Amino acid sequence: VLSPADKTNVKSTWDKIGGHAGEYGGEALERTFASFPTTKTYFPHFDLSHGSAQVKAHGKKVADALTNAVAHMDDLPGALSALSDLHAYKLRVDPVNFKLLSHCLLVTLACHHPAEFTPAVHASLDKFFSAVSTVLTSKYR
């Protein structure tokens, strides 16, 4: 459960990211593919090379979904219901992949904003990404 301090940390960090969210989403997705090659199996139709326009575009979708989640932190299940359905029923993404991407998102954000990435912010973002992952995998049960 996200505390009021966690919500404040997540919102303020996301505000600082601003217009870079899509860029960071693409970078995190590329980092996920490089670090965890099995995640590539869900994207056989993508050009997965460094700087791929398809990876960047999908990374922007991820970032947009997270921006929506940040805006609706008090109702993540409602905000992410359609995405949960898509990933569980149509795409059948292995739930572990959400944790892997979450880790890569944390690394990407820490690389770009080291001064702001305090232990408290790190913990809050980790809890937030975990909450998002839990919602996205809730339909698997």
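Each Cβ is built from the backbone N, Cα and C atoms, and glycine gets one as well.
Per Swiss-Prot, the features are:
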- His58: O2 binding site (BINDING)
- His87: heme b binding site (BINDING)
- 1-141: domain 'Globin' (DOMAIN)
- Ser3: phosphoserine (MOD_RES)
- Lys7: N6-succinyllysine (MOD_RES)
- Thr8: phosphothreonine (MOD_RES)
- Lys11: N6-succinyllysine (MOD_RES)
- Lys16: N6-acetyllysine (MOD_RES)
- Lys16: N6-succinyllysine (MOD_RES)
- Tyr24: phosphotyrosine (MOD_RES)
- Ser35: phosphoserine (MOD_RES)
- Lys40: N6-succinyllysine (MOD_RES)
- Ser49: phosphoserine (MOD_RES)
- Ser102: phosphoserine (MOD_RES)
- Thr108: phosphothreonine (MOD_RES)
- Ser124: phosphoserine (MOD_RES)
- Thr134: phosphothreonine (MOD_RES)
- Thr137: phosphothreonine (MOD_RES)
- Ser138: phosphoserine (MOD_RES)
DSSP helix/strand/coil residue counts for the domain 'Globin' (1-141): 114 helix, 0 strand, 27 coil
Nearest-integer angstrom distance between the alpha carbons (Cα) of Lys40 (N6-succinyllysine) and Ser49 (phosphoserine): 11
The residue listed as 'phosphotyrosine' versus Thr108 (phosphothreonine) - Cα distance in angstrom: 7
Pairwise CA distance, Lys7 (N6-succinyllysine) versus Ser124 (phosphoserine), rounded so that it is a whole Å: 7
Rounded inter-Cα distance in Å - Tyr24 (phosphotyrosine), Thr134 (phosphothreonine): 22
Densest Cβ neighbourhood among Thr8, Ser124, Thr134 (modified residues), 10 Å radius: Ser124
Recorded positions (Lys11, His87), the one with most neighbouring Cβ atoms at 10 Å: His87
Shortest C-alpha distance to Lys11 (N6-succinyllysine) - which of the recorded positions Ser3, Ser35, Ser49, His58, Ser124: Ser124
Nearest-integer angstrom distance between the alpha carbons (Cα) of His58 (O2 binding site) and Thr8 (phosphothreonine): 27
For Ser124 (phosphoserine), the one of Lys16, Ser102, Thr137 that lies nearest, given that the modified residues are compared by Cα: Ser102
Residue from Ser35, Ser49, Ser102, Thr134, Thr137 whose C-alpha is spatially nearest that of Ser3 (phosphoserine), among the modified residues: Thr134
